[in-house]
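Q: Once you've had a glance at the structure underneath, I'll fire off some questions.
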Amino acid sequence: MTVALSNPAAAPVSTKAYMSVIGGTCALLCTVGFVVAFGVFQGYYTEHVLRGMSEFDISWIGSASIFLLYISAPICGVLVDKFGPKVLLIGGSIGVLVAIFMISLCSQYYQIFLAQAVLLGISMGFVTWPPLAVVSRHLPHHRGLALGVITGGSSVGGVVWPIMIEQLLTKRNLGFPWTVRVLGFIMLPLLAFACISVTEPPNQNQPRPVLETTVEGGSVFPLPKPEDASQSLFRKPVFISLCIGFGLGFLGLFNPFFYISSYASGHGASAQTSFYMISIINAASLFGRVIPGIMADRLGHYNVMIFVLFTSGIISFCWTSVHNLTGLIIWSIAYGFSSGAILSLQGACVGKIATPQNQGKAIGFLQGSLALTLGVTSTGLHMHKDAETAGN
């Protein structure tokens, strides 16, 4: 028996849908794209601003930011379903800009932690999740591609921000405070455009679609009380299993994004090359978010997701076997592509078992995983211990 949403009169793709996709791409460029570039800050803090502190301690800044970004997803999902995306986007954008400019004034660990981890992490959550829920409602028949394009914005950010930071710090000698302020001024128009362009579909006030169940023989019967099906989403075994599965998969998903720069530096790469490793892995992730999304709309979101999860796991086990720059570049491209597909397809997968009215809740609760911070910080502790062992 299968359960499906009956929506015979699919609305044509509107201009608002396209604008929401573009606005969502800008939003994630400034949020997740900035967070996954933390490896650049990790290296710079270790060598300059927070010299003398362990990589494990510094990694808590990035991992706490990731944790707050994702743990805010359930709250944002409920709020966007109830109030729409505008209030969340405006409030989150203001918080992001305030945090960025506060980072430029920080010189102590606790100051950086409060600004870059706490304020920035929470604010980014309110900017990241509303576009995903809204676009999932706009384009249910092209959900894989649409969410792939939006999450591709984070890959673009992961490419652009490290290069920009490296150029401003080393080539232009602008200094850390003004480098961060320049980033804030660039984010300002992008976030403003996201606040204006991301809108709810025009048919959200129409009656809900009818749930149908198909049994053997091809007979189709409507399920009673569709509103109960919406409320029972969080009691469905398939949804709970999906959340647990992605939580386990995310346990170490962001580790290479945080530590590829330090790993390259520890294996003989120059400081400039180490900076660019973040851009390489994110550039590959951009293609990994879009191309598998197109394939998933044709072959099935879950089929493609299972394949990329398996592939990403195999590639992860090969990381510590790479000891030269050429091999590390090839590994970064492979891992960036496979992990990018995971990040883009998760929203499409959960969208298949949610109604249009609770897309925000479904995506939000799926994203709220504690595994992110555990995976990243445990890797930092392992690397710190390895460094101590090597030093002895």
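Any Cβ shown, glycine's included, is placed from N, Cα and C.
Grabbed the feature section from TrEMBL, which reads as follows:
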type     : residues : note
DOMAIN   : 1-392    : domain 'Major facilitator superfamily (MFS) profile'
TRANSMEM : 21-46    : transmembrane segment
TRANSMEM : 58-80    : transmembrane segment
TRANSMEM : 87-105   : transmembrane segment
TRANSMEM : 111-132  : transmembrane segment
TRANSMEM : 144-164  : transmembrane segment
TRANSMEM : 176-198  : transmembrane segment
TRANSMEM : 238-261  : transmembrane segment
TRANSMEM : 273-292  : transmembrane segment
TRANSMEM : 304-322  : transmembrane segment
TRANSMEM : 328-350  : transmembrane segment
TRANSMEM : 362-383  : transmembrane segment
Q: By Cβ distance under 8 Å, which residues at least 6 away from the ends of the transmembrane segment (176-198) in the same chain are close to it?
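A: Those are 19-20, 22-24, 26-27, 29-30, 34, 44, 48-49, 85-86, 89-90, 93, 96-97, 100-101, 103-105, 127, 130-131, 134, 161, 164-165, 168-169, in sequence order.
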Q: How about the transmembrane segment (304-322) and the transmembrane segment (58-80): at least 3 CB pairs under 8 Å, pairs 6 or more apart in sequence, or not?
A: no
Q: For the transmembrane segment (273-292), find every same-chain residue at least 6 residues outside the stretch whose CB is under 8 Å from a CB in it, and list them.
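A: The answer is 33, 36-37, 39-40, 43, 144-145, 148-149, 151-152, 154-160, 162-163, 165-166, 256-257, 260-262, 264-265, 304, 308, 325, 328-329, 332-341, 343-345.
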Q: Within the same chain, where does the transmembrane segment (111-132) have neighbours whose Cβ lies under 8 angstroms from its own Cβ atoms, ignoring anything closer than 6 residues to its ends? I mean 6 or more beyond.
A: 20, 23-24, 27-28, 30-32, 34-35, 41, 45, 49-50, 60-62, 64-73, 75-77, 80, 85, 88-89, 91-96, 98-100, 102-103, 105, 147, 150-151, 191, 194, 198, 347, 360, 363-364, 367
Q: When you check the transmembrane segment (21-46) against the transmembrane segment (328-350), do you get at least 3 Cβ pairs under 8 Å, counting only pairs 6 or more apart in sequence?
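A: As far as Cβ distances go (cut-off 8 Å, pairs 6 or more apart), the transmembrane segment (21-46) and the transmembrane segment (328-350) do not touch.
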Q: Cβ pairs under 8 Å only, please: of the recorded stretches 58-80, 144-164, 238-261, which one is richest in them relative to the transmembrane segment (328-350)?
A: 144-164
